[in-house]
Amino acid sequence: ANERKMMLLIPVIAVCLFGLTMSYKVEPLPDSYAGLGEGPHWDVARQSLYYVDLEAGSLLRYDYAQNKVYKTKIEGETLAGFVLPVEGRPQEFAVGCGRRVVIVNWDGVSPSAKVVRTLFEVQPLMEKNRLNDAKVDPRGRFFGGTMRYIGDEFEFRHGELYRWEAGGQVSVIKGDVGISNGLAWDEKAKKFYYIDTTDYEVKSYDYDFETGVASNPKVIFNLRKNSPKDHLLPDGLTIDTEGNLYVATFNGATIYKVNPNTGKILLEIKFPTKQITSAAFGGPNLDILYVTTAAKFDQPAPAGTTYKVTGLNATGYPGVNLKV
């Protein structure tokens, strides 16, 4: 217990060493393990954080009031890339299973859940690909992409980024993607932010919220180091109400708070495990940063734990439900 307390205090001390007056606290959620935790989504109506254990084909729900995590296995599926609540249908969720976006029925408590229908499929002939991260834009549209699942995704850039909206066809936004990952939108700045992990950078796009069209890509944050083996791998992404980005690093034990206008790092949020996969603001006041991690490639404990970060003096946006 003392070791764990020390682990949680280390980040706060590190922040103070940089001369900042602000301190934050990193705490594990109880029984929150996911071997490859991903896709955190805060649901305001249920005051719950939904996320996935990607390679287990499982969905998880952290109930804020109960301080408890519920977990379910999707029957017949081995992968669950993301989980997005469906607008107006409390027990339905859009989930990325392989290259299909399916609708899963789950009551948020039961240990098993069922696929009820397929919404759409992408790259049907690309058997070595799978869907990865996905989110819903502020107007209810689906955005998400694929990556190579078998083989070297850094060498074979066969992924794509897609947009889908109710009543329409799925369309390709971007090709030549290695690992389609973090997404975020800023309505005030009229921007869309996107991460392809194999590019080692965050890009901004001008975004038309009425049409869902992204244009004019620009690199706003670069995680390349001196040599490729030292490059930090950007993974998931979220944004606060001031427009600052929070970039998770898969191999860096850190989330970087970044000003997208200057590219300047405003804060380094440190964790006691390396593979930081994604983050989302939540809690009753939307001021808690929930963070998923992974335990791939034999990472030691506490890898795979899901964390909450408090004391950041920032608020974010809740997850948006998918309109179908």
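These residue numbers are counts, starting from 1, taken along the chain as shown.
Any Cβ shown, glycine's included, is placed from N, Cα and C.
Annotation source TrEMBL lists signal peptide at 1-23.
The annotation domain 'SMP-30/Gluconolactonase/LRE-like region' is assigned in TrEMBL to 36-294.
Look at TrEMBL and you will find Glu38, Asn181, Asp235 tagged as divalent metal cation binding site. The Cβ of Asp235 (divalent metal cation binding site) lies under 8 Å from the Cβ of Asn181, Gly182, Ile195, Thr197, Val247, Ala248, Thr249, Phe250, Ile276, Thr277, Ser278, each of which sits 6+ residues away along the same chain.
Note on Arg130 (substrate binding site): other Cβ atoms within 10 Å of its Cβ, all shown chains, come to 24. The feature substrate binding site is assigned by TrEMBL to Arg130, Asn132.
Per TrEMBL, active site, proton donor/acceptor is recorded for Asp235.
Between the alpha carbons (Cα) of Arg130 (substrate binding site) and Glu38 (divalent metal cation binding site) lies a span of roughly 14 Å.
Same-chain neighbours of the divalent metal cation site beyond Glu38, Asn181, Asp235, judged by a C-beta within 8 angstroms of the site's C-beta center, are, in sequence order, Gly39, Asn132, Asp133, Ile179, Gly182, Ile195, Thr197, Gly236, Ala248, Phe250, Thr277, Ser278. Residue density at Asn132 (substrate binding site): 27 other Cβ atoms are found within 10 A of its Cβ, drawing on all protein chains shown. Residues near Glu38 (divalent metal cation binding site) in space but far in sequence (CB under 8 A, at least 6 apart, same chain), listed by position: Tyr51, Val52, Leu54, Gly81, Phe82, Asn132, Asp133, Gly236, Thr277, Ser278, Thr292, Ala294.
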